[in-house]
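Novice: What follows is a structure written as structure tokens; I'll ask about it next.
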Amino acid sequence: MEKLGSLSHLFATVFLSNFATVVVIPGITDVTMSALCPGQDQCSLAIYLTGLQQSITGVGTVLMMPLIGKLSDVYGRKALLTLPLTVSIIPHVIMAYSRTKNFFYAYYVSKTLTAMLSEGSLLCLALAYVADNVSEGLRASAFGIVSGVIASAFVCATLAARFLSTAQTFQVASIVSMIAVMYMRIFLEDTKRNNDPLKQPILMTAEETAQSDEESSRKVEVFKKIPSLKDLVCLLKTRETILRAAFVALFSSLGEGGLQASILYFFKARFHFTKDQFADLMLIMGIAATISQLVIMPVLAPIVGEEKLLSMALFAAFVSLLVNSVAWSIWVPYVVAAFCIFTFFASPCLRSIVSKQVGPNEQGTAQGCISGITSFANIISPLIFSPLTDLFLSKRAPFYFPGFSILCAGLLSAIALIPSLMITAAPRTLSNKESCDGYREA
């Protein structure tokens with residue numbers, strides 16, 4: 001518990017950053033619809049632009065996440081956290097100033113570009129930071145607490161959005177995101193030792209000089225050895241558990257990406273949801289996620305194991321999406337949201353399983369690779385689900401099933417369930433460098 005207590009500044013940074021991100025979500029659908037299709041409840045342009053943004057962001061994060069994770073292994077988590085936290089301020093400031101059509105497009109472009117760096121990188125680096133400071137036995141619970149902090153921010157942000165105007169939500173998001181950067185820079189202690197040349201002795205022995213030169217050359221090599229597709233394939237081929245986890249991450253992320261691209265527009269068209277109703281729904285989900293991550297998971301993870309909890313979460317996700325896809329009344333999404341406690345186990349369990357398969361100097365790389373796979377899924381899913389959602393919400397649908405895209409997202413969770421059942425609690429093997437060297441020799 002003392003180790004977990006030392007992570008309090010990280011938890012505060014994660015909370016503030018996610019609060020700023022989530023507080024604008026309930027109102028962004030109405031802002032988008034008002035800017036692009038005023039007075040309408042169904043807008044094809046809004047659906048396609050949202051999907052395009054998600055795909056472009058996915059391309060950027062596929063390239064950036066492994067690199068950010070790799071660089072954080074060398075230069076420390078704190079230095080790499082600064083960039084995504086800083087650039088995420090820009091879109092909030094634009095929308096805080098004005099939400100007219102021209103400013104919406106400026107927001108759209110800036111959000112797309114900055115999300116390439118900020119989307120997923122905070123979670124990736126936060127989990128690597130936790131892995132640096134927590135033993136393997138407590139890692140699943142610690143990862144669950146990170147997810148619980150995110151869920152708490154989700155609850156607080158949606159509750160705040162319920163009582164703030166749309167303009168005020170963007171103003172609050174701008175201020176809180178700035179506070180997050182300053183708080184992190186002032187209070188968060190880095191896990192990497194200080195290599196500032198100004199603090200090194202002027203005269204060093206030959207042995208110290210050789211060691212220093214070796215470290216300097218190793219840092220330069222980082223830029224020459226940006227994680228490539230070959231490195232990713234090597235990691236997956238030499239670690240069977242990580243390979244199965246990668247399949248789970250791919251299909252579950254395809255489902256989640258499809259859900260993001262469709263569910264808000266589905267509720268808008270099907271039940272005429274407004275900002276306040278979106279906020280109410282998100283609040284219920286946030287409370288369920290907080291209870292799941294901070295209360296239930298720390299108790300169940302040591303007893304049941306992350307592998308079984310992962311399978312349980314994917315099955316629960318399939319059932320909840322199946323029910324939402326055939327929602328027959330406005331109260332159904334609220335009830336489903338309240339009973340989604342088990343679905344929130346998936347991400348921290350998956351990350352914990354992967355974390356235990358690599359050494360302490362490879363945490364950023366491993367988490368970055370999983371984030372890259374997740375981002376790759378986010379490229380593909382909007383290309384599939386945006387046209388699918390538009391088709392089945394329009395009069396051109398081949399048959400009447402407005403929630404068909406939600407059902408397809410649920411089926412992807414069911415597919416992800418299959419490899420999750422084959423994941424076992426395998427011990428960590430060789431480091432990635434050693435195993436990859438052996439793989440190339442073979």
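Every residue gets a Cβ built from N, Cα and C, even glycine.
Per TrEMBL, the feature domain 'Major facilitator superfamily (MFS) profile' maps to 6-428. As annotated by TrEMBL, transmembrane segment applies to 7-25, 45-68, 80-98, 104-130, 142-164, 170-188, 245-266, 278-297, 309-328, 334-354, 366-385, 397-423.
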Novice: Taking residues 6+ outside the transmembrane segment (45-68), which of them lie with a CB under 8 Å of any CB in it?
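Specialist: Result: 29, 32-33, 36-37, 80, 84, 108, 111-113, 115-117, 119-121, 124-125, 226-227, 231-232, 257, 260-262, 265, 364-365, 368-369, 371-372, 375-383, 385-387, 389-390.
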Novice: Cβ under 8 Å to the transmembrane segment (80-98), counting only same-chain residues 6 or more beyond its ends: which ones?
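Specialist: The answer is 13, 17, 20-21, 24, 31, 68, 71-72, 104, 106-107, 110-111, 114, 117-118, 121-122, 125, 167, 170-171, 173-174, 177-178, 180-181, 184-185, 188.
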Novice: Between the transmembrane segment (366-385) and the stretches 7-25, 278-297, 334-354, work out which stretch tops the count of Cβ pairs under 8 Å.
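Specialist: It is 334-354, which has the most Cβ pairs under 8 Å.
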Novice: Which residues of the chain, 6 or more past the ends of the transmembrane segment (278-297), have a CB below 8 A from one of its CBs?
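Specialist: Distant Cβ neighbours of the transmembrane segment (278-297) are 22, 25-27, 29, 140-141, 144-145, 147-148, 150-152, 154-155, 157-159, 161-162, 264, 267, 309, 333-334, 337-342, 344-345, 348.
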Novice: Taking contact to mean 3 or more CB pairs closer than 8 A (sequence separation of 6 or more), are the transmembrane segment (7-25) and the transmembrane segment (170-188) in contact?
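Specialist: Between the transmembrane segment (170-188) and the transmembrane segment (7-25), which are separate recorded stretches, there is contact, as judged by 3 or more close Cβ pairs.
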Novice: Between the transmembrane segment (334-354) and the stretches 104-130, 245-266, 309-328, work out which stretch tops the count of Cβ pairs under 8 Å.
Specialist: 309-328
Novice: By a Cβ-Cβ criterion of under 8 Å, what residues six or more beyond either terminus of the transmembrane segment (142-164) are in contact with it?
Specialist: 3-4, 7, 11, 14-27, 123, 126-127, 130, 134, 172, 275-276, 279-280, 282-283, 285-287, 289-290, 292-294, 297-298, 301, 344-345, 347-349, 351-352, 355
Novice: So what's near the transmembrane segment (104-130) in sequence-distant terms, Cβ-Cβ under 8 Å and 6+ beyond its ends?
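Specialist: Answer is 7, 10, 13-14, 17-18, 31-32, 35-36, 49, 53, 56-57, 59-61, 63-65, 68-69, 72-73, 77, 80-81, 83-85, 87-88, 90-91, 94-95, 139, 142-143, 146, 150, 191, 351, 355, 363-364, 367-368, 371, 374-375.
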Novice: What residues elsewhere in the chain lie close to the transmembrane segment (245-266), defined as a C-beta under 8 angstroms and at least 6 residues from its ends?
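Specialist: Sequence-distant neighbours of the transmembrane segment (245-266): 29, 42-43, 46-47, 50-51, 54, 58, 236, 273, 278, 310, 314, 317, 321, 324, 346, 350, 353-354, 369-370, 373-374, 376-378, 380-382, 384-386, 388-389, 393, 402-403, 405-406, 408-413, 415-416, 419-420, 423.
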